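Feature annotations, reproduced from TrEMBL:
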type: TRANSMEM; residues: 40-58; note: transmembrane segment
type: TRANSMEM; residues: 70-92; note: transmembrane segment
type: TRANSMEM; residues: 113-137; note: transmembrane segment
type: TRANSMEM; residues: 171-190; note: transmembrane segment
type: TRANSMEM; residues: 197-217; note: transmembrane segment
type: TRANSMEM; residues: 229-256; note: transmembrane segment
type: TRANSMEM; residues: 268-294; note: transmembrane segment
type: TRANSMEM; residues: 314-338; note: transmembrane segment
type: TRANSMEM; residues: 366-385; note: transmembrane segment
type: TRANSMEM; residues: 391-412; note: transmembrane segment
type: REGION; residues: 419-440; note: region 'Disordered'
type: TRANSMEM; residues: 461-482; note: transmembrane segment
type: TRANSMEM; residues: 494-512; note: transmembrane segment
type: DOMAIN; residues: 524-564; note: domain 'Cationic amino acid transporter C-terminal'
type: REGION; residues: 585-618; note: region 'Disordered'
């Protein structure tokens, strides 16, 4: 093998470490939070976090620039994609009723690398979503004052014409975000009664819009004289659907709150389905009356609904609509900022993010540094970036997260679970029915017809079929989106690629369906697996390809930043080096500096009892959340060791092993005798030398 190239075994170890799963050490029925949310509370939570996002903010833009009156079809397609994703979220949230949303679900069912990707995407979702919400808020307030705010800024600051940047700096949006971040960092909270009041006002105003809008409806606005029902064709409808995804992203709040639900296995799935359905109905009806009241080409995208009433001579109704929009935007904006420290704390607790951003100050009980730093980043984006670019970036992040969640469902259903007698009490899986054929194996009735698959080990054929399914879905969607418009393929090659990719997708789907699945009796399960999550993957990828290339470029840069930033405080290339050394990279520290999520999603910086430097190993590896993979050895305990000034005796080595409780001597590569400093460095240990020498001096006479 060429020098400097890793061996096959080291690459295999590296891949295995990147795909380690998180297990729950405590039973999933226990939680530090009070279970007080009923099904109705969860429905109101999902509707409050979602309604108004698309209705007040996207309807005008999609109708005027993308779909015309067919905006209601765009909302229908987006609702279908969101409902499929909500079903997948429902099963995972019922199986793992803990805070963490799709980040935790991906860590439990897919692995560490994918969890880092999802967490990194959720982080930018909160940042970009809050920036977009602040710009919406600013545009509505500017419209109330007859564009005087924007006119003043353009006159005294100036404008610029740069693609995907705002024409002028939006100081009002930046100031709104800074004030909201300061409010949250000081420990501010929005009480439940205030949230319910805002929601009631918003729902009442939406009902008012729909009723009065149908009274003022004029069917002529959908006629051919005004451009027809779908002036931009099928591509415009699909592009509008990709943008309308933004109007449904709030349903994830239900899954995030599953830890506080009284009966998460029943109420969470019901709340997710009902909230998405209600929001879809509100968006479709509101977009219908909007394009029936006035011609779609005369709408003002910045405040379409108030402008429509204003054009029809109902200025008093326009002010009512503006009040409802501000109530909805205030609620959603604060939800974004409250959710941000929760994601930071969850990732920091697992070692996948900088600990300084999750440090909780005792007085405010929130990670002030993280909120302020990312608050300034939100304000910067709201100040300079165009609103459409923010919305599209948010949509691509949401659709990719939905794809990860749907993939997790397929992996979960065909994964072999441990026997009930030996199952970890904290296993995230439910109670499976015992059957002669284990999950991941070929169904007995199909074995005579699919003998070439019967020889595969359990799960191998499923893994290959899942990879082929995702690849064929990407190929099929690329052919549908770019085959005619961008690639200009001849009809015969376009048809051939379409048939091959469709046949491959269906074949992989049939292979997956031919294998045994897990069947849980006491929890919700997505119906028609693998068909339902496969359709979710196909539709999500199709909608992602409808978004602009700038959104893809920005998203790629964000992912590149995520891979370049320290991964578990070292870096991705450090993981490869540790794999070559045979050391389980990224293992949890045992120095007591662990971070546990609190009631509001924050983390507590204080060490847990028994986690001090001289205590037994009850650190991050033995907390309520534990990362699996590899036995604890001396390199894990001496994680911060830089070197030794003098060798340790064999007796001292044994004493260290007994105190830290990390296994046997052969496991750690120690067979007695002195252990030199170079040997410690080879094992990947890092710390201060004098600390271990002092410990050895105390232990050696006792040997």
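Just so you know, glycine gets a Cβ as well, placed from its N, Cα and C.
Just so you know, TrEMBL annotations never went through curation; they're auto-generated.
The structure displayed is predicted, hence computed values, not measured ones.
If you look at the transmembrane segment (314-338) against the transmembrane segment (171-190), you find at least three C-beta pairs under 8 angstroms, all six or more positions apart, and that counts as contact.
Stretch with the largest number of CB pairs closer than 8 A to the transmembrane segment (391-412), among 113-137, 197-217, 229-256, 366-385, 461-482: 113-137.
Between the transmembrane segment (171-190) and the transmembrane segment (366-385) there are at least 3 Cβ pairs closer than 8 Å, counting only pairs 6 or more residues apart in sequence, which means the two stretches are in contact. Long-range neighbours of the transmembrane segment (268-294) within the same chain, counting only residues 6 or more positions beyond its ends whose Cβ lies under 8 Å from a Cβ of the stretch, are 39, 42-43, 45-47, 50-51, 54-55, 59-60, 62-63, 68-69, 71-72, 75-76, 79, 82-83, 86-87, 89-91, 93-94, 97, 206, 209-210, 213-214, 216-219, 221-222, 244, 247-248, 250-251, 254-255, 258, 261, 304-305, 308-309, 311-312, 524. Contact between the transmembrane segment (229-256) and the transmembrane segment (461-482) is not supported, since fewer than 3 Cβ pairs fall under 8 Å when only residues 6 or more apart in sequence are counted. 197-217 is the stretch from 113-137, 197-217, 366-385 with the greatest number of Cβ pairs below 8 Å to the transmembrane segment (40-58). If one looks beyond the transmembrane segment (366-385) by at least 6 residues along the same chain, the residues whose Cβ comes under 8 Å of a Cβ in the stretch are 123, 126-128, 130-132, 134-135, 138, 164-166, 169-171, 173-178, 180-182, 184-185, 187, 337, 340-341, 344-345, 356-360, 600, 602-603.
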